[in-house]
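For reference, TrEMBL has these:
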SIGNAL    1-17  signal peptide
TRANSMEM  33-60  transmembrane segment
TRANSMEM  72-92  transmembrane segment
BINDING   ASP141  Zn(2+) binding site
BINDING   ASP141, HIS248, THR250  Mg(2+) binding site
ACT_SITE  SER185  active site, phosphoserine intermediate
Amino acid sequence: MVTLFLAVLLITHVVEMKELEQLRRDDSDAAMSSVVFTIIILLAVLLIIKFLVDIVFIYAAYKEKCGMMKKYCIFWIVFLVLFIIAFLKTLFQLSAGYVIAQILFLDQKYWKSLAEKELEEALQVRFNLRTAKNVILFVGDGMGPNTVTAARIYRGGESHKLAFEAFPHVGLLKTYSADKMVPDSACSATALFSGIKANLGTLGVDATVPQSDCEASLNKDAWVDSLAAYALKAGKSSGLVTTMRVTHATPAPLYAHSASRSWECEANMPANAKQCKDIARQLVEDWPGRDLHVEGGKIDMAHHRGRAKTAVDETVAMERAVQVAVDMTSDEDTLIIVTSDHTHTLTINGYPERGSSVFGIAGVSPFDRINYTTLSYGAGGPGSFQYDIKTIDNKTRSVRREPSKEDTESYHYEQIAAIPLDENSHGGGDVAVYAKGPHAHLFHSVHEQHYVFQAIAYAAKIGPYSSGYTIEVNIILLTTAVLLLIKLF
Ligand SMILES: [Zn+2]
């Protein structure tokens, strides 16, 4: 019996898939619902009880009889034990929900119902043409599309939807800066909040200000107002929430104008920039009200260190914040936008099994027979090195790191990168923008990043679209008309 049991354990893996297929066939007509879920769980419990009773019964029969009957009983005991182990293993390793999904996902009906549900939702989408009384802009720093995909899989599997992925309107933003193909947070946040593209490393100023040029930044014509400033002008409250320092490059363009993102405090200012005000001082002295823009800044920080799991976990944390905002507000008057300032070079490599951990191993390289992880980076710091230097047969060789010997599920695990740099770099790909509420449909296509400012200003009727502005324009038009009339008569 002991040998038999060991044999059973060895072939459990093989049986797992067979057993899933068997279950799938049994339930192929079922649809995904809580009732079906309950029935399947009940059936599973009943099956386990039945099998236990069967084993006792067959074992009793095996002790009594001999010959053919004995062989038949052994066959049945092996089969039943295998079945139970495989079932329990699958259930505990992959969670009940996943087992159900596995049972159903191969079924055409499941896929069809998934798509039909989406079509139904799409047909319900109406343009909301109200004026946005409130605007909440979530910026996941460095939250590129691959980070969002990884967060989705981590949170609930491949077909899961994050809170903001259920928003009815989605677009893409081109994140390049005035001078670079790949931006940093300072110039990209300036684009988002102030509606112009700036040079890398500069904030709250236009592209006439080169990076670190204090003198150029003193020219007030180069200063650009942010949505926060326009909101305050329109008599609204405005504020920011960040998981980073308030003087960090992403929130700073809301209130400051600086030729360098690193001039956060006086100590960081070079001697030739003494006549410029540091960012912290600008916040304290020049800002009338420090009373919402929300930033999840640690996604970027984790990516720079090459820690994909921490970055993904931070994305999930931001999703929770988005859900809270959704629950607390109404589509009637609140425009909620979720986007990012730039991507990172995170990639999702082929071809891990569906349902496996996104932080696990995707496969083995046919060239060096060494495993590789599902997530890796394009360009990374020292922690993302690919190769170990080893002496093999008295020769020094570089050998690729074997991820199966490391804890790839750790928050501190640093995925490998293709190019060694001082730290993991930003990516130049487009970021997604998700929107719900008044005028959310303005995000519908491939947009420039600084278009976000225009769309928000239009939706909230602030800044260039404020009613005050319209009155001014109207007065000019009226005056012109009057002058024309006077001339005519
Ligand atoms: Zn960054």
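Cβ coordinates come from backbone N, Cα and C, glycine included.
Given the structure is predicted, the values throughout are model-derived calculations rather than measurements.
Each of the recorded positions SER185, THR250 was scored by the number of other CB atoms within 10 Å of its CB, and the largest score is that of THR250. SER185 (active site, phosphoserine intermediate) and THR250 (Mg(2+) binding site) are 5 Å apart (CA-CA, integer value). HIS248 (Mg(2+) binding site) and ASP141 (Zn(2+) binding site) have their C-alpha atoms 11 Å apart, to the nearest angstrom. Neighbour list (the residue listed as 'Zn(2+) binding site', Cβ cut-off 8 Å, at least 6 residues apart, same chain): SER185, MET244, THR250, GLU295, GLY296, GLY297, LYS298, ILE299, ASP300, MET301, SER340, ASP341.
Taking all protein chains in view, 21 other C-beta atoms sit within 10 angstroms of the C-beta of HIS248 (Mg(2+) binding site).
Compute the center of the Cβ atoms of ASP141, HIS248, THR250, which mark the site for Mg(2+); besides them, the chain residues with Cβ within 8 Å of that center are VAL139, SER185, ALA189, THR242, MET244, ALA249, PRO251, GLU295, GLY297, ASP300, ASP341.
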